[in-house]
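Q: The Mn(2+) binding site annotation in TrEMBL covers E:His130, E:Asp152, E:His154, E:Asp156, E:Asp244, E:Asp246.
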There are 6 protein chains.
Amino acid sequence: MSDPFYRPVSGFDLPRFAGVPTFMRLPHVPLDDPRIREVAIGIIGAPWDGGTTNRPGPRHGPRQLRDLSTMIRAANGATGVRPFDMVNCADLGDVGPNPADVADSLERFTRYFRRVRDAGIVPLTAGGDHLCTLPILRALAADGPIGMIHFDSHTDLFHSYFDGCRYTHGTPFRRAVEEGLLDPKRVVMIGIRGTTYDTEDRDFARSVGIRVIPIEEYFRRGVADVMVEAREIAGTGPTYVSYDIDFVDPAFAPGTGTPEVGGPNSFEALQVVRALDGVNIIGADLVEVSPPFDPSGATAWLGVSIMFELLCVMAPRVAARRATS
Amino acid sequence: MSDPFYRPVSGFDLPRFAGVPTFMRLPHVPLDDPRIREVAIGIIGAPWDGGTTNRPGPRHGPRQLRDLSTMIRAANGATGVRPFDMVNCADLGDVGPNPADVADSLERFTRYFRRVRDAGIVPLTAGGDHLCTLPILRALAADGPIGMIHFDSHTDLFHSYFDGCRYTHGTPFRRAVEEGLLDPKRVVMIGIRGTTYDTEDRDFARSVGIRVIPIEEYFRRGVADVMVEAREIAGTGPTYVSYDIDFVDPAFAPGTGTPEVGGPNSFEALQVVRALDGVNIIGADLVEVSPPFDPSGATAWLGVSIMFELLCVMAPRVAARRATS
Amino acid sequence: MSDPFYRPVSGFDLPRFAGVPTFMRLPHVPLDDPRIREVAIGIIGAPWDGGTTNRPGPRHGPRQLRDLSTMIRAANGATGVRPFDMVNCADLGDVGPNPADVADSLERFTRYFRRVRDAGIVPLTAGGDHLCTLPILRALAADGPIGMIHFDSHTDLFHSYFDGCRYTHGTPFRRAVEEGLLDPKRVVMIGIRGTTYDTEDRDFARSVGIRVIPIEEYFRRGVADVMVEAREIAGTGPTYVSYDIDFVDPAFAPGTGTPEVGGPNSFEALQVVRALDGVNIIGADLVEVSPPFDPSGATAWLGVSIMFELLCVMAPRVAARRATS
Amino acid sequence: MSDPFYRPVSGFDLPRFAGVPTFMRLPHVPLDDPRIREVAIGIIGAPWDGGTTNRPGPRHGPRQLRDLSTMIRAANGATGVRPFDMVNCADLGDVGPNPADVADSLERFTRYFRRVRDAGIVPLTAGGDHLCTLPILRALAADGPIGMIHFDSHTDLFHSYFDGCRYTHGTPFRRAVEEGLLDPKRVVMIGIRGTTYDTEDRDFARSVGIRVIPIEEYFRRGVADVMVEAREIAGTGPTYVSYDIDFVDPAFAPGTGTPEVGGPNSFEALQVVRALDGVNIIGADLVEVSPPFDPSGATAWLGVSIMFELLCVMAPRVAARRATS
Amino acid sequence: MSDPFYRPVSGFDLPRFAGVPTFMRLPHVPLDDPRIREVAIGIIGAPWDGGTTNRPGPRHGPRQLRDLSTMIRAANGATGVRPFDMVNCADLGDVGPNPADVADSLERFTRYFRRVRDAGIVPLTAGGDHLCTLPILRALAADGPIGMIHFDSHTDLFHSYFDGCRYTHGTPFRRAVEEGLLDPKRVVMIGIRGTTYDTEDRDFARSVGIRVIPIEEYFRRGVADVMVEAREIAGTGPTYVSYDIDFVDPAFAPGTGTPEVGGPNSFEALQVVRALDGVNIIGADLVEVSPPFDPSGATAWLGVSIMFELLCVMAPRVAARRATS
Amino acid sequence: MSDPFYRPVSGFDLPRFAGVPTFMRLPHVPLDDPRIREVAIGIIGAPWDGGTTNRPGPRHGPRQLRDLSTMIRAANGATGVRPFDMVNCADLGDVGPNPADVADSLERFTRYFRRVRDAGIVPLTAGGDHLCTLPILRALAADGPIGMIHFDSHTDLFHSYFDGCRYTHGTPFRRAVEEGLLDPKRVVMIGIRGTTYDTEDRDFARSVGIRVIPIEEYFRRGVADVMVEAREIAGTGPTYVSYDIDFVDPAFAPGTGTPEVGGPNSFEALQVVRALDGVNIIGADLVEVSPPFDPSGATAWLGVSIMFELLCVMAPRVAARRATS
């Protein structure tokens with residue numbers, strides 16, 4: 001059971017439009033706060049889009065996600081899970097980037113997430129563009145390569161852009177494999193679609209054993225069947241879940257920089273997360289929400305709805321792990 | 001057959017962007033107009049959001065719905081029904097609220113809808129937030145409790161908010177059951193989803209016999225099967241239809257205050273209404289369209305498309321009733 | 001194989017937000033450029049909405065489509081087709097309308113597309129409202145009536161508007177049949193829905209043998225089955241493909257003047273084009289994208305995604321034809 | 001004194017967001033209504049933009065102007081004038097255009113405004129683009145040329161566009177002078193600015209004696225001095241006032257098709273109208289409000305504020321004329 | 001000198017888009033936090049619009065003002081004042097309303113601001129609609145009537161709306177005078193304009209001695225001269241400053257519910273506050289910022305710029321008072 | 001006189017919404033085109049915002065500026081200058097950045113602008129954020145330090161951000177002085193305002209002799225007087241003009257990342273450029289237009305209106321220089 005200090009403010013008490021907006025109306029507990037040792041799951045903003053090759057904006061994502069997250073309530077209507085009752089969840093604030101220096105930002109993020117990991121906190125990160133995931137993996141895979149379930153319309157496995165630029169939001173997982181952070185045999189990428197430059201990313205995936213499930217196969221087989229395979233690929237080892245909002249069709253998630261039409265709807269966007277129940281998740285993220293392309297916040301609302309579903313599959317595992325340790 | 005006075009202006013004659021905008025380009029016949037006695041179905045605006053606990057806006061709904069309704073034509077392309085030819089339909093104008101006093105507004109609305117009922121007019125109301133439905137039920141259920149088919153992502157069955165506040169858009173049907181306006185055994189709620197505070201609303205539903213069909217069940221069974229059950233629950237008695245636009249997925253209906261992702265698409269949004277054919281409808285509404293959250297009017301366009309479908313299932317019954325009386 | 005001059009600028013070299021925006025980052029080769037003889041497929045803007053009876057805007061379509069088309073890459077992720085490698089594709093620029101004179105614009109367009117045809121170029125046109133298709137058909141059907149596969153929510157087969165006005169975006173195909181440009185037996189219209197004035201358009205379709213597939217039938221049968229019939233109707237003769245963006249549900253394509261709710265999603269919007277593989281396409285268009293109703297460009301992004309799919313079914317045929325001639 | 005029937009609905013009684021929106025919440029009295037003979041000033045919508053050479057939208061102007069006009073109250077805060085108390089004012093509805101035929105629309109408008117004039121009604125018209133003013137002048141100048149005070153950033157005195165097209169929103173006053181509708185010696189154009197094609201329009205103005213006051217002179221001399229001259233030019237004869245919203249700087253009036261930066265602010269936008277006090281106004285208009293370029297309605301709000309100021313200088317004269325006739 | 005704990009986070013250290021958004025990046029110190037006793041000036045959100053008679057939205061004001069306030073830096077560029085160095089400033093969070101009950105909200109607010117006053121904190125409140133000021137005055141004027149300098153386009157002195165409704169955003173100062181909270185001889189209202197219902201509010205002002213400076217007089221005399229008079233009226237006694245954002249022209253502040261065109265520009269919007277230097281300010285507010293009418297946040301940005309100027313005239317006085325007590 | 005090839009397409013011939021959008025409808029002549037030797041003034045897009053510390057977006061500026069520039073006509077209405085007739089002007093296209101590497105982009109830009117300079121072309125650059133100006137100065141000041149007239153609300157003279165980051169849009173002119181590109185005695189900065197971190201930038205300006213004119217002084221003295229001083233400071237030597245759109249008040253230019261309220265209006269925005277007549281301009285830019293913060297394009301429209309005024313003061317000098325060389 002969680003400490004009542006870590007229960008969200010209820011909309012029955014304080015209207016949802018009121019109050020300083022923290023993630024899901026949880027208490028704000030920065031890393032240097034003494035209470036940080038009580039926290040089991042930390043929700044963290046990663047306001048950075050230094051890796052974005054086309055339309056920027058995800059640096060503004062965490063603030064809008066916090067704003068919309070005030071509409072999340074205490075329990076999952078579909079599964080009944082009440083994550084905030086199970087373990088102490090908190091808003092850890094944002095990790096600070098250097099918006100004018102990619103290498104420096106990668107360093108800052110890696111250091112920050114190492115501190116999170118060392119504090120025994122399971123991070124749920126709100127991006128930021130997809131390059132944010134690389135320093136998170138550098139921190140979480142300190143003891144060896146981990147598995148990953150990756151929802152996206154792109155593989156993000158490219159070698160480089162712009163005549164040799166190796167760190168963009170199209171390359172994080174190429175780097176992560178090269179750096180030994182991911183075990184490619186335990187990586188599955190779901191929802192891939194859109195026009196392509198060439199087959200270099202898919203060739204690389206094949207050569208190292210990453211399983212790519214294109215959207216046509218996804219629709220043909222259905223969510224349940226695809227997710228059975230995804231769980232098998234991830235297995236029982238430590239697994240990271242990376243969810244790019246552009247996995248979802250742009251009608252449901254317009255606020256993103258590289259949308260690809262022909263994706264899943266919002267019901268499936270939640271279903272795929274619910275199907276992660278039982279996976280050994282050691283961290284997760286929701287990235288590429290870009291407020292400038294969605295002033296109304298519809299994408300952020302879907303984003304935090306997905307983050308809540310992630311919490312609902314993470315919390316029981318974290319609670320169980322804590323109970324046995 | 002209807003009086004030609006009650007036929008909408010055709011877009012073949014006057015372009016759809018021209019003219020003072022009334023609902024579906026029908027004549028404006030206020031309650032104190034002598035012609036009011038000719039009217040069989042009255043379309044009424046309820047511009048009020050005094051019950052809104054989070055994001056206001058539905059007070060502007062009727063005006064935007066009127067604007068977009070000028071794109072509705074004379075016949076239903078799917079069913080062939082021509083409601084305006086069957087019975088006299090008119091725009092009755094708006095019922096006037098007191099935007100700074102909830103209790104006074106409830107009184108004003110109840111009085112207004114009693115006059116509508118006393119004039120023998122079947123009301124199709126454009127909200128307004130969902131609290132608007134309570135005074136309508138107070139007027140229509142004067143002779144005893146009625147049934148209700150309710151499309152929504154929320155049950156609106158909560159007891160109270162904010163330390164005892166009993167009249168909000170989250171409580172109308174709790175009040176309606178308590179006041180004996182609804183026969184809970186003849187009430188069905190379809191599409192329920194989203195995060196929840198607790199199970200207090202569902203517990204109440206169960207305790208009085210209201211049937212709640214969550215979205216997961218809805219998708220599993222399909223529209224046709226769900227609607228067979230809905231019609232059975234409503235039976236042959238007088239039935240009200242209340243349609244909250246947030247029943248539909250927010251990609252299709254972004255302009256609403258409490259959206260819940262993972263809902264039906266716009267094709268199903270119409271299908272469920274077509275499946276009401278044969279139900280003994282004595283009034284209906286379409287509520288929670290909130291223009292500030294949808295400047296483009298897409299939500300209002302879906303809203304009036306649904307209202308037209310409602311008209312198409314109401315008109316034949318009303319015509320038949322009038323023919324036999 | 002195409003000349004390297006006709007390969008799009010890659011986003012790996014020049015970021016997608018940079019450069020003068022041409023369709024798909026192809027070279028701009030106007031009709032009076034000497035290189036025009038090298039071009040096999042010409043992408044052409046038709047910035048005109050003189051036939052629009054309600055909400056104008058498609059005159060701004062080509063510019064926004066060019067802008068968003070810079071996000072298209074070199075290959076089709078689903079089919080692997082690389083159209084720009086197969087035949088020389090170019091942006092031919094825009095055909096110039098007279099925005100204050102419908103008859104003069106029709107003349108200008110007809111003359112322009114005759115020059116395109118005489119240059120042996122297969123046109124892929126970006127509208128513009130649907131009246132733009134009439135002068136294209138006048139140019140392409142110079143040797144006799146042709147077939148047409150038509151995706152739309154409306155038949156555009158009406159006789160006239162506003163007391164005798166025969167040239168609007170609701171009448172092009174009535175005119176085209178009357179003028180002998182289309183062989184009605186080889187015409188199929190898919191996705192028809194929405195409220196209707198009367199049955200005059202459908203009666204006409206039936207009387208001349210045009211096959212109309214309403215959206216209800218489309219959903220019941222599914223894409224694959226419907227498209228088998230469509231290909232049979234078109235047969236092996238020369239066929240035009242006209243794609244009105246309002247075929248797609250307005251949640252996916254909000255930026256259009258006469259949206260009808262209850263349409264296909266964006267995945268199906270692409271699937272129906274892929275199913276055209278093998279059809280003898282002599283020209284195609286994507287019309288009714290209206291930027292004022294979609295400032296974010298989401299509709300244009302879907303529009304150019306569809307245009308790319310059209311290219312992918314056109315290019316192999318054009319390449320084969322060229323190889324044998 | 002006016003008939004109480006012609007008093008606007010008060011916001012103290014019915015909230016401003018409620019009710020079918022008519023101009024300034026006045027009664028809707030179409031030309032064929034028997035009460036039309038009681039009306040002294042008729043507010044008329046001219047929803048047409050057939051003359052627009054670049055960005056369309058003014059066809060939607062009247063509806064948005066009606067919507068925003070519901071925020072106008074009964075009296076002028078600066079001058080104390082209460083126009084609705086002085087003479088019977090009514091919303092006459094819209095004159096119906098043919099959106100696909102410029103010549104036909106000009107005919108329809110001319111006929112309509114002749115009926116208005118024959119009914120002894122002084123028209124205050126809400127455009128529509130500036131070509132709308134030509135048929136109004138044709139109707140009002142039936143007895144001989146009249147004067148005009150014209151606020152605009154463009155002269156609208158061009159000869160023709162697009163290789164001979166004589167009827168666009170850039171040509172109405174060239175036509176009006178040629179047709180003998182305007183007495184050029186009694187015409188003044190205020191606020192002219194922006195880049196120019198050539199000096200053809202200014203040369204014409206000079207050749208016929210129209211006085212053009214560019215914005216630089218306007219700012220140097222100030223509103224009071226400029227308006228003294230304007231009143232002198234108009235003299236005591238019958239005078240039309242034509243107000244193009246693009247007279248005002250686009251920061252204050254973004255919703256228009258051909259904005260020119262560097263114009264007057266909104267305070268001066270009202271002041272110039274107040275300075276018309278005493279001019280023998282026989283009709284007036286406010287044109288070029290284009291809702292697609294201003295979804296928030298800020299431009300329409302300024303537009304109806306200007307229309308109310310126009311009413312406040314028109315009503316006393318009309319009342320005096322009626323009292324003496 | 002202030003405690004370093006109360007210095008804002010610098011944009012040189014953490015980018016302005018990062019971090020949980022508090023007012024001006026100050027620490028969040030709720031009333032029940034032990035550190036509250038250290039706070040001299042408390043910035044408070046009042047997210048409520050229960051008094052709004054037309055277009056709601058100010059309930060969302062505090063959150064958007066917080067968001068934009070992250071762009072405020074440490075010093076006033078024009079005056080050199082560094083308020084955060086002078087006294088301890090903090091974000092006290094929001095006072096919680098009951099959005100469905102006006103009377104209950106007034107109670108809640110009055111209680112809250114009494115606690116603020118009892119803690120010796122000078123409140124700078126971000127509204128909310130203008131009715132929010134009434135409970136603030138009830139708390140601050142506990143020892144007797146105070147003076148007020150009021151920037152607004154409306155007097156907010158009306159008696160009642162909607163047939164007897166006494167508590168709306170058009171009535172707070174009528175109530176405040178009646179309740180003895182304001183000394184009308186020490187009240188000045190600046191910038192009044194727009195259309196009016198009648199002269200009831202002005203008659204009341206005159207009858208009790210409130211000085212009203214209409215916008216025409218304001219522009220004629222200039223800011224400096226008007227503010228000399230304002231300071232004289234306020235005198236040396238305790239004075240409240242109430243700043244309605246609709247004082248400013250809607251081109252500069254579009255996001256508000258009852259805009260009136262013809263107001264001051266943004267430079268004057270700041271100048272009038274700077275001219276308050278030396279006034280004995282015991283509290284201030286900035287109200288009526290309505291995010292739904294300004295998604296881009298331009299109005300909130302002006303609003304927090306004004307709030308910062310208010311801080312810059314409040315801080316020296318508060319520092320001096322503290323030094324001598 | 002210019003070659004007719006370099007005359008813009010007229011809106012009398014091709015409507016302004018038609019055609020591939022180049023700057024001011026000029027021909028597109030890239031640096032590697034043989035015709036490049038004929039070009040005297042090159043308009044160049046610099047789509048980059050790698051130096052932006054808060055809200056990104058200027059990378060999209062050039063495309064939107066091109067789009068809006070199609071509304072620019074041939075002559076200056078105020079001064080009569082016809083720049084396109086005087087010298088050959090062309091759209092040179094965009095300089096390509098590396099969006100994920102600041103240092104690499106600075107290199108690419110420097111190389112590009114050296115080629116421009118070596119080709120004898122005077123550049124008029126459309127940004128991009130203000131860091132873009134640094135590589136331009138590196139190219140143009142190859143023969144020694146130059147003067148600069150700088151319109152902005154910020155000095156952009158800061159030393160560094162984020163713990164040592166020396167290249168951001170807040171530092172270009174500090175670097176330019178340090179690198180000997182600017183002669184600080186010949187530099188004037190006009191319009192400075194807003195809150196400040198500290199006085200480090202002003203101290204530096206004072207220490208090296210840069211003249212800073214804050215907005216308060218600017219308004220007190222007036223445009224004419226300020227610009228006399230500015231011309232004196234620049235003298236007769238080679239001078240660069242750098243115009244940050246945030247010089248203008250955000251009501252007129254909302255689309256920018258770091259707006260500061262209280263700035264000049266759009267009339268003055270043009271006047272200050274006209275007052276540059278006679279200055280020895282060797283290059284100019286208009287930077288910081290950020291489309292994501294202004295979807296309507298109002299800011300870009302003001303931006304290209306300013307660019308056209310810049311052309312009008314550059315073209316006569318360039319023509320004279322060419323005539324004498």
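Heads up, residue numbers simply count up from 1 along the chain you see.
Placement of Cβ uses the backbone N, Cα and C atoms for every residue, glycine included.
Fair warning: this is a prediction, and the values are worked out from it, not measured in the lab.
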Q: If you count Cβ atoms within 10 Å of the Cβ of E:Asp152 (Mn(2+) binding site), leaving out that atom itself, what do you get?
A: 23
Q: Just checking, which of E:His130, E:His154 (binding-site residues) has the fewest C-beta atoms within 10 Å of its C-beta?
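A: The binding-site residues E:His130, E:His154 were compared, and E:His154 has the fewest Cβ atoms within 10 Å.
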Q: Let me know how many other Cβ atoms fall within 10 Å of the Cβ of E:Asp244 (Mn(2+) binding site).
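A: A 10 Å sphere around the Cβ of E:Asp244 (Mn(2+) binding site) contains 27 other Cβ atoms.
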Q: Under 8 Å between C-beta atoms and at least six apart in sequence, can you list the same-chain neighbours of E:Asp156 (Mn(2+) binding site), or say none if there are none?
A: E:His130, E:His169, E:Gly170, E:Thr171, E:Pro172, E:Phe173, E:Arg174, E:Asp201, E:Asp244
Q: Please list, in sequence order, every residue of the chain apart from E:His130, E:Asp152, E:His154, E:Asp156, E:Asp244, E:Asp246 whose Cβ lies within 8 Å of the Cβ centroid of the Mn(2+) site.
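A: After dropping the recorded site residues, what remains is E:His150, E:Ser153, E:Thr155, E:His169, E:Phe247, E:Thr258, E:Val287, E:Glu288.
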Q: What does DSSP call E:Asp152 (Mn(2+) binding site) in the simple three-state scheme?
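A: DSSP assigns E:Asp152 (Mn(2+) binding site) to coil.
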Q: Could you list the residues of the same chain, at least six apart in sequence, whose Cβ is under 8 A from the Cβ of E:Asp246 (Mn(2+) binding site)?
A: E:Asp152, E:Ser153, E:His154, E:Ala253, E:Thr256, E:Gly257, E:Thr258, E:Pro259, E:Glu260, E:Gly263, E:Glu288
Q: With H, G and I counted as helix, E and B as strand and the rest as coil, say where DSSP puts E:Asp244 (Mn(2+) binding site).
A: strand
Q: Please report the three-state DSSP label of E:His130 (Mn(2+) binding site).
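A: The three-state answer is helix.
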